[in-house]
């Protein structure tokens with residue numbers, strides 16, 4: 001697919017220029033992607049395929065749910081008959097595959113489910129997409145496939161050394177996707193992004209969990225020492241990265257989507273306490289922190305190079321202070337967008 005077809009403001013008269021399938025579109029990052037596509041590309045039909053798991057919410061899409069170029073289909077990527085029929089009936093041109101089980105803590109107690117959804121489901125989807133001869137297949141992976149590192153920065157050629165069931169399932173799914181390029185020259189592109197934060201994220205992940213705990217006058221639960229660091233990227237920045245890959249990404253390639261902004265979990269908790277509880281006192285901040293048992297494995301860092309996507313013209317734009325303030329405000333008003341969301345605030349999955 002050329003960049004030109006994404007630059008044209010209008011499609012063919014009486015129809016849509018392209019039909020784009022986004023999997024997991026009621027989830028966190030994919031919902032931001034769908035809103036952007038629906039609003040900015042009115043000549044593209046955006047089809048949201050989601051089975052509506054516990055971490056999904058159609059409220060993430062309320063602003064565009066009645067748009068003429070948006071369609072929601074409830075279904076499971078692991079249902080091969082359904083997926084094949086979907087490609088046949090919807091005449092899909094482009095796939096952005098976000099749908100996955102993503103919570104690392106949960107992957108330790110539901111490893112087989114992660115393998116089934118993330119690996120088998122991806123294989124079902126890429127196979128159906130190949131059979132339907134779609135123009136481009138974007139597989140959304142994670143920096144965690146590299147494993148942790150204290151000093152060495154990972155680039156796209158670094159070996160995959162995942163250390164938890166979630167990362168292992170994403171790495172395995174990458175292998176299936178990449179094999180369709182190697183064997184058939186099917187136009188796949190793989191992305192690996194840093195930790196993304198912002199509105200719409202189910203509060204099992206560290207930033208929305210800490211925000212929600214503090215807003216409910218509960219302590220931040222820190223796994224282990226809390227000295228592990230993560231690179232945080234705002235949701236709208238990662239959407240721009242995916243758009244860049246759609247426009248300019250080369251088939252068969254992998255693109256890291258990272259940021260130099262890095263923060264330890266302890267420092268994250270302190271910053272959120274300062275912003276939400278309005279205190280700079282170290283002793284008062286300690287009163288809002290609860291250290292709990294660590295994960296079975298918990299990588300210290302995921303340092304990652306992103307020069308390759310920089311070469312396509314993308315760089316993150318949203319400063320941390322701006323992004324985190326927007327995120328805090330959103331959770332103040334939208335915490336109950338999910339059913340039984342309170343269970344997400346426990347230190348470990350329940």
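Yeah, the Cβs are placed from backbone N, Cα and C, and that goes for glycine too.
Per Swiss-Prot, the features are as follows:
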{"type": "ACT_SITE", "residues": "143", "note": "active site, proton donor"}
{"type": "ACT_SITE", "residues": "144", "note": "active site, proton acceptor"}
{"type": "ACT_SITE", "residues": "166", "note": "active site, proton acceptor"}
{"type": "BINDING", "residues": "142", "note": "substrate binding site"}
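Here the features listed in Swiss-Prot are placed on the structure.
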residue	record	Cβ within 10 Å
142	substrate binding site	23
143	active site, proton donor	24
144	active site, proton acceptor	23
166	active site, proton acceptor	25
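Here residue 166 (active site, proton acceptor) is positioned 10 angstrom away from residue 142 (substrate binding site), judged by their C-alpha atoms.
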